[in-house]
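Per TrEMBL, the features are as follows:
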type     : residues : note
TRANSMEM : 20-38    : transmembrane segment
DOMAIN   : 26-523   : domain 'K+ potassium transporter integral membrane'
TRANSMEM : 63-84    : transmembrane segment
TRANSMEM : 156-178  : transmembrane segment
TRANSMEM : 198-217  : transmembrane segment
TRANSMEM : 224-246  : transmembrane segment
TRANSMEM : 270-291  : transmembrane segment
TRANSMEM : 303-323  : transmembrane segment
TRANSMEM : 348-373  : transmembrane segment
TRANSMEM : 394-416  : transmembrane segment
TRANSMEM : 428-448  : transmembrane segment
TRANSMEM : 455-478  : transmembrane segment
TRANSMEM : 484-501  : transmembrane segment
DOMAIN   : 536-780  : domain 'K+ potassium transporter C-terminal'
Amino acid sequence: MDLEVAEDYKSSTIKKKESWRTVLTLAFQSLGVVYGDLSTSPLYVYKSTFAEDIHHSETNEEIYGVLSFIFWTLTLIPLLKYVFIVLRADDNGEGGTFALYSLLCRHTKMSFLPNCQVADEELSAYKKKDSVGPPVINIGFRMKSMLEKHKVLQKMLLLLALIGTCMVIGDGVLTPAISVFSAVSGLELSMSKEHHKYVEVPVACFVLVCLFALQHYGTHRVGFLFAPITITWLFCISAIGVYNIIHWNPHVYQALSPYYMYKFLKKTRLQGWMSLGGILLCITGSEAMFADVGHFSQLSIKIAFTSVVYPSLILAYMGQAAYLSKHHIIESEYKIGFYVSVPEKIRWPVLAIAILAAVVGSQAIITGTFSIIKQCSALGCFPRVKIVHTSSKIHGQIYIPEINWTLMLLCLAVTIGFRDTKRMGNAAGLAVITVMLVTTCLMSLVMVICWNQSIFLAIGFILLFGSIEALYFSASLIKFLEGAWVPIALAFTFMVVMYVWHYGTVKKYEFDVQNKVSINWLLSLGPSLGIVRVRGIGLIHTELVSGIPAIFSHFVTNLPAFHQVLVFLCIKSVPVPYVQPEERFLVGRIGPKEYRLYRCIVRYGYHDVHKDDMEFERDLVCSIAEFIRSGNSDYNCGGMEEFEKEDEKMAVIGTSSSFNEGIRMCDNDDDDPGETAGTSELREIQSPMVPRKRVRFVLPESPKIDRDAREELQDLMEAREAGMAFILGHSYVRAKRGSSFMKKLVINYGYDFLRRNCRGPSYAWSVPHASTLEVGMVYHV
């Protein structure tokens, strides 16, 4: 669940000193985004627990034991584990499975693709000190070295992160289904059995269809209602809980003693252990506290949970237990549901609020699924998909059409296929507890490798929380044939897709590295490259961060002309959430100046928003112009660092908006920047009069620019006026002869099928189709 808030909120949350007004505002907002799923769990926990495995007897030992388990599970997992420990393991303010994995990647020098550079380690996000204490023993260094040396361990760690990610996606299918169906199930108390079974499923399906159909509008239009709806729902269930406690059983608080857990297991034995799969649903949505920590702040999430959510949930569960302790025989087959404990006079209003709360909780997990798919795609672990930004201010509000309709169909299939909360609960419980187990495992590694803590502390952490979660995991897994197979099937499907795409992407990149063209071959061609140089800028898209791609030589030998300015463009993702605008570009020159060949590496974090094509083109041209203006001088004071990379000297240059003093570009549609900056400070280099869009570079008065640099800038302006063309490689990837059957199956069929049916790089990077030229090549990997 990775909902992102506006940039002004983002900048305020990462400050160490926050005003109480800001903290309380964020805490209020987090109630609707973070806790929508967790707050609706009272709708189905008791009903799922008492489905078939155990029965509610007159001794109340079962209901008291379940209440004791719920209380201590809520206390140990969300409160102790997440609020006090896991929230500290943020990655520059961002949380979730990818945050933990990115921390481990940086500290062990692992990456999704082998395209790491020395300059990436100089990013401000890399420089953050994640260690919270001095090294205790050398075990962390030994574990780090072991991970760096053994590829098998790296693959196992990647698989572990992918399993957690895929289970989150599976949760995006199951949570809307069980939440909406449980909320709608309140209709059964107002209808006869013959009628309600024909009404519940259609109504639930109608709500789900409406929910997914409205996704393309974005949640920012109704997002302001999320927190009030959740607060209203929490107030309702806590008030009903207090009423039931006072009216039916004021002594129900005695069940909070852990002794009742022992009595429960002693009496129910195997059936009691199997019923734990329903009890764990009380912590559904707890992972959102860590996943959404970057969108709010640690303090605001802690305040919201400890002061509002936690006490409200405890009162709600105690109230239901108090009511059920005095109602051992419930007429009809409704058994033990949420609505039987609601006073009859307010059932209809509570039903309406419950449906709205279920929609809010479902909305959070759906949007979170979009976000995690975007992260996977950015890091090369998921096929490229269409990403639509539904808000110009709230950048995290995205919409992915393919994923949206896939989730809707799967949700409808689960709702229609199961038609009861028992099997839905079994499925959702396994997905939830698997994600928590993955978080526990990654967290123990972060403690040792990133925090330099004692190995005994990590072992204690994994023994305490891992044993609890393993107990719940075993109780959920035993229900494999009763619904738990659904998240396993979903996770397996998504994991196969992700791993096949990642494997094919890595092999394709390795082929590019092995077949890149030497600089000597380029120098032998001369400044004209052996062909006619035409006006314009040619952007050659490549995955390589150094060297000349094979597609360039293929192009040169088959076409008689090339653009006067060539830019080898590499758009790469780095294992950090955000890259600062002033660190966005790495720019270098390939060959002598008169060749007019440049390399530009654009770096994005896994949470960064890619700009549209027009703004991106402007920033790209300005970054090259700034590189030319700065020359080979040491420019560290201006935010530029130079470093040697093979045959190229590259510099760190920001976007045009991050320049305090530097080159600016404007065309005939823009206002004259000299009017705002002052003519005494800026000078203009203008291109010759041509019947095309007029482009100007506005330069600072000092330092002086030499003649060669001015000519180079003049050529760049003329090329920009003539237009830009995007040259992309259309690859046909095939396994080498003699490869194993499995490799041929994965590459020739799996990866090829995904590549042909996903979005191309031109669509993923918002490249205009009219300016795109594709060059076909066969890759034998």
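Positions of Cβ are set from backbone N, Cα and C atoms, glycine also.
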**OP:** Report the listed stretch (156-178, 198-217, 455-478, 484-501) having the maximum count of Cβ pairs within less than 8 Å of the transmembrane segment (63-84).
**Re:** 455-478
Original post:
Which stretch from 156-178, 198-217, 224-246, 270-291, 484-501 shares the most C-beta pairs under 8 Å with the transmembrane segment (394-416)?
Top reply: 198-217
Original post:
In terms of Cβ proximity under 8 Å, which residues at least six beyond the ends of the transmembrane segment (198-217) contact it?
Top reply: 176-177, 180-181, 184-185, 187-188, 191, 355, 358-359, 362-363, 366-367, 388, 390, 399, 401, 404-405, 407-408, 411-412, 415-416, 419
**OP:** Report, as numbers and ranges, every residue of the chain located at least six residues beyond the transmembrane segment (224-246) whose Cβ falls under 8 Å of a Cβ in that stretch; write 'none' if there are none.
**Re:** 28-33, 35-36, 39-40, 42, 252-253, 308-309, 311-313, 315-320, 322-323, 341-343, 350, 353-354, 356-357, 360, 363-364
Subject >> Selection from 20-38, 428-448, 455-478, 484-501, the stretch that has most Cβ pairs under 8 A to the transmembrane segment (270-291) >> reply: 428-448
Subject >> Contact set, same chain, for the transmembrane segment (428-448): CB under 8 Å, 6 or more residues outside the stretch >> reply: 48, 77, 81, 85-86, 89, 97, 100-101, 103-104, 139-140, 143, 157, 160-161, 163-164, 167-168, 170-171, 174-175, 178, 277-278, 280-281, 283-287, 290, 455, 457-459, 461-462, 465-466, 469-470, 472-473, 476-477, 479, 484, 487-488, 491
Original post:
Tell me, what is the mean pLDDT of the domain 'K+ potassium transporter C-terminal' (536-780)?
Top reply: 72
**OP:** Determine which residues of the chain contact the transmembrane segment (156-178) at the Cβ level, with the cut-off under 8 Å and only residues 6 or more beyond its ends counted.
**Re:** 1, 37, 44, 97-98, 100-101, 104, 110, 112, 147, 204, 208, 211, 284-285, 287, 358, 361-362, 365-366, 368-369, 372-373, 376, 381, 407, 410-411, 414-415, 418, 421, 424-425, 427-428, 431-432, 434-435, 438-439, 441-442, 445, 486-487, 490-492, 494-495, 498-499, 502
Original post:
List, by number or range, the same-chain residues at least 6 past the transmembrane segment (455-478) whose CB is under 8 A from its CB atoms?
Top reply: 73, 76-77, 81, 85, 137, 139-140, 273-277, 279-280, 426, 429-430, 433-434, 436-437, 440-441, 443-445, 447-448, 484
